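Below is one structure; the comments refer to it alone.
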Amino acid sequence: MRQHVNPLSINFNQIERIPSLGEMFGDSKLNLHLDIGCAAGEFLFDLALVNTSWNYLGIEIREKLVKNAKLKVLESEIKNLYFLFGNANNILNDVQSELIIKNLKSISFYFPDPWFKKRHYKRRVIQPEFINILSNLLQKGTLIFIKTDVKDLFDYMDYTISNNFYFKTIDKKDFNYSESFNPNKVKTNREKYVINNQLDIFERIYIKI
């Protein structure tokens, strides 16, 4: 069972130094995909091996998972993958590198903590304030992918993103993956579980305009 961590805890006010792209990756010029709430990082490990022409950055709020993922990267000598520990809201709000923003082409929020109780909705990763941060940081054309098996959470995320003027929904049927990055080449552990149990998956794609 996934351990929930309160992202509003004072423990996450301090963030680790954000390295430069050159420090994180073997080739800093590659396009960058960001996965927020990456857990142990298995999804990104698979993506990094399937598509070596991109760099992958995972942000996770559970420190032990990040430490283990970083160790695995070192042991496997993968050069296009890096992990950061902390609250994604704080980390992205602190990003000062224009190069990181220039290279960042897509972001995924896959099966985030649902925080079912209404009084805990403010702990959900996608909040109006966070989407405002992204609208100011991201370049036009940057993609956002969301995916969950919780309909209420999907509606909440979709409403929050769609109500920001700078993001437009893309019809999945009309989206040409051959012309863009496809994070659906591999599946997260949660997605595999959902598929095996024949549960519903709700997903949507947005583009910064």
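From the backbone N, Cα and C atoms, a Cβ is placed for every residue, glycine too.
Per Swiss-Prot, S-adenosyl-L-methionine binding site is recorded for D35, E60, N87, D113, and the stated evidence type is sequence analysis. Look at Swiss-Prot and you will find D113 tagged as active site. Among the features that Swiss-Prot reports, substrate binding site is placed at K117, D149.
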Which one is it, among the binding-site residues D35, E60, N87, D113, that lies nearest to D149 (substrate binding site) by Cα separation?
D113
10 Å Cβ neighbour count around E60 (S-adenosyl-L-methionine binding site)?
22
Among D35, E60, N87, D113, the record's S-adenosyl-L-methionine binders - longest CA distance, Å:
14
Listed binding-site residues (D35, D149), ranked by Cβ neighbours within 10 Å, top entry:
D35
Where among the binding-site residues N87, D113, K117 do you find the Cβ with the fewest other Cβ atoms within 10 Å?
K117
What Cα-Cα separation, expressed in whole Å, is found between K117 (substrate binding site) and D35 (S-adenosyl-L-methionine binding site)?
25
What does DSSP call E60 (S-adenosyl-L-methionine binding site) in the simple three-state scheme?
strand
